[in-house]
Every structure is written in structure tokens, then in C-alpha cells.
Amino acid sequence: MNQPAPAALLPPRRVRLKPWLVAQVNSCQYPGLQWVNGEKKLFYIPWRHATRHGPSHDGDNTIFKAWAKETGKYTEGVDEADPAKWKANLRCALNKSRDFRLIYDGPRDMPPQPYKVYEVCSNGPAPAESQPSEDNAEEEEEEELQKMLPGLSITEAVQPGPAMAPYSLPKEDVKWPPTLQPPVVLAPPAPGPNLLVPAPGNAADFGEVFSEVLPSSQPQPGSLSTSLAPTGEQLLPDLLISPHMLPLTDLEIKFQYRGRPPRALTISNPQSCRLLYSQLEATQEQVELFGPVSLEQVRFPSPEDIPSEKQRFYTNQLLDVLDRGLILQIQGQDLYAIRLCQCKVFWSGPCASAQGSHPNPIQREVKTKLFSLEDFLNELILFQKGQTNTPPPFEIFFCFGEEWPDCKPREKKLITVQVVPVAARMLLEMFSGELSWSADSIRLQISNPDLKDRMVEQFKELHHIWLSQQHLQPVAQTPAMPGLSAAQGPWPMHPVGMQ
């Protein structure tokens, strides 16, 4: 009589991730795996890092192990337990799936209850017969790139005008800075709060826009940059009582070429920056072409390390029309964009008017509002009070030369840029218990302490909420309305931690 093959030798099973994972969230049998709200579109998934948070004894009841068993990659009593591999398998499945989108990528440091937030996408995956297999994925990638050039969004070239003064070229080739140590900039003070901001979406004359957007700024007496290293419990109320200590002008910028590792840097210029790809240098005589010279000039990385020849060709097609660039401008506590370049730019973010999968373009030479710190603080207060179900968004995504948002995953776009206002991220991480502090973690800059009364009131209210949370004891039951504070995570706390 033939004996059945050992379980460990059985081939892995093909399992549809979406129905299986949705069923597991509904089952409530895995600690921390639960819906964010009643709409069942967003869910928390615990994401503990064993190397950071120490060993855990909850590994026998995790969604990662369940997925390994479901797909036949782990058999109890036969295979050796490997929680790290289980986690990697599920992470890869989520990243490849079109049914899920990562909304919140988890903490940067060591909170007591780390997690991620995923969205269940309404757009289902492509039919099985159209899904590329591993064998022909590279071939289909080449075919897809071959079809991209006619669809690239580049503004029609304008008729040449009067001859301009010769461009000045840099003396040396510009090297990509993020391969070096991230820059630390001692910034001059930010523009005063009395500057008036034109209504977003209104076209403006170039000279008028730039004179209003970026007035000459002279250092003020007493302006200083301070490195602080107190404990998190001491620093948080200090920052909320003295909001001028927050890096309000800092932006984290992350460049991403399709399929390539992202390259990131932090900008600390209070007049912000211009994203460009060119060896032409901005001069005082060419403000209408390239914007003010006081902007930090941030160049896109070279595409030369893109291995695919076709992808590199199409990427260069877009970079070649990014000479004039995209200006990111901080005015007061708001972030704006002005598109100068011929390459069309699409975006998504907190202030985007288009919702869902409808493309959202940035009109050329029109100031577009991207982010409002005041609105973010209002939403953060409501979230901490339990009056809203999700934390306020603050990340901004740009897609160059292709429509966005649309049904195509962001990872498939040729050129994308993510922009994060550092102050917003810090505030959310503080109230999530996700931010650890060290002497070299951040250089906090004091530049303009005269903030509007309304913003001061917002910080005072946030400070009051934080103090109230310190007196709360951890609860043993899952809260009806999960929050992100250090004292109350989105799932019950366990004495031995979570795997």
C-alpha cells in the first residue's frame, strides 16, 4: 500500500489572499488583527519586530503563522518554526496584491504595540489568466514599458519667445547628495505670520507669485538652532507648550524610480525647495524661469542605475522636461506647490480635491495647496478625543508624467516623489507612543515663536489631552474606538508582548 507523502514535501498551495485575510480579520481570533472602524475598509495588523522588541511567547497565535500554514509553507510538528520568515511571506503577499494598499507603515522606533494599517481596495485583482507568472513576468514588464511612451503626460512645448540671457552652467557635475550623510541645515527664521496667502487654485503672475511667496528674509536676533536630548516624557509637553521648537519648515523628500530603492533626504530651508533635473543653475536674472535662487535646489537622482534599458529610456523622456522643476513652498504653516516644468505632475494628499481613483493634476504656474498644519492639528485633536476613527493624513505623493491616482499601483509608476512635513509626523508619533528620543535624533530649530493665537490654543489642547492620557491605566479589553496613543493601542496589551 502506497504511503502518502510527508506533509513537508507537499507543494505550496495557491490561496486567494483577499477572501482569506478578510475572513481572518472578521474572526477576531488573532490579537491586534481588527478593523479600524465599522466600514471594514481599513484594518490594523500587529507588526512586532523581534530584534527590536525582544522575544515573545505569542508566536503560536499570529496571522503570519496562519498564512504560512494556509499556503502549505509550514506544517506543525514537521517544519521548524520561523516567525521571521512567516512575516516576510505575508508582507510579500500583501505588497504584490492589488487588493490591499498600505496606509500606515508602522512606527519608526519602539512603541509597546507596533502595527501597520492596510486598506482593502475595492478594485479587484486582474483575472487570473492575465496575471503574469514568475517565468514571463520580466517579458511582460518589457511589453508594458514599450506601450508607455505614448501615454506619458508632457505639456505641449510652447512657441519660442524672445531670446533670453545665456544660462549659467555649474562648474562641476552635480552628485546625488543622499548617498552621503543627510544634510543638517541651520535655517534662518521662517517668514512672519502676517504674510497673506492667495486662494489655492488661482493663477498668478510669476513675478507677483514669487515676490509674495518668497520675500527676502533676514536673520532675526536671537534665532538659534538647539539640539535637545531629554526623555520622551519631558520633551513631549515641552514641545506642545513651546511649539516654536518643532521643525515646522522641515520636509522629508523621498524619490522613487520604478522598481528601484528609494532615495531620501531632509530639507530644512524655511523657504523650501525646487525639485528639478537639470544642470542649468538658477540665477537672479531668471527668476521667472526657475524661481528664486533662495530655494534649495534638489535634483532628481540619476536614472543610470536602472537596469532595464527601455525603462531607463522612458524615465529619461520625463526627466528631460523637468529642467524648470516643481517648487515646494512653505508659507506660514501651510505647504504649497507651483509647477513650472513641462512634465505634467499629478498628486494625492490631505488637501487633494479629487478623491478615490480620479487623476488629480497640478495646473502649470498655479499655486496649489498641499497641506495645512492647522487642519492637521484640528483633526489630530478630534482623533485623540475619539471623535474620528482614523489619524489625520499628512503624506503627499507626486507622480511625474503619468496620471495619479488611478487603478495602477504607485509602485508601477516611472517617477514618484513622497513628501512628509516632519512636524506633522512627529506630532502623530508622539501621541502614538512611537517616537524615541536621543541626543542625535533631530536638531530642533527655534526660528519664529510668534505663532497665531489659534495655533497656540491647538497645542495647549493637545497638551491637555496628552496629560490626561498619562493617568489612564492600560485596559484589558479591546477598545470600541481604537486610538493611537501610547497608553491605549488598537488592541489589548499582553504581559508578554506580541509576536
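Note that Cβ sites are derived from N, Cα and C of the backbone, with glycine treated the same way.
The shown structure was predicted, so the numbers you read here are calculated from the model rather than taken from an experiment.
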Which range of 145-155, 156-166, 233-243, 475-485 is motif 'Nuclear export signal', per Swiss-Prot: 145-155
Swiss-Prot annotation of motif 'Nuclear localization signal' - which of the ranges 12-18, 47-53, 173-179, 432-438 it falls on: 12-18
Which listed residue (LYS412, LYS413) has most other Cβ within 10 Å, given these are recorded sites: LYS413
Separation of alpha carbons, SER432 (phosphoserine) and LYS413 (ubiquitin cross-link) (Å): 31
Entry from the modified residues list SER153, SER294, SER302, SER432 having the most other CB atoms no farther than 10 A: SER432
Listed recorded positions SER153, SER294, SER302, LYS412, filtered to Cα within 10 Å of SER432 (phosphoserine): none
Helix-strand-coil residue split for the DNA-binding region (14-122), DSSP-based: 40 helix, 18 strand, 51 coil
Of the modified residues listed as SER153, SER294, SER302, the one whose CA lies nearest the CA of LYS412 (ubiquitin cross-link): SER153
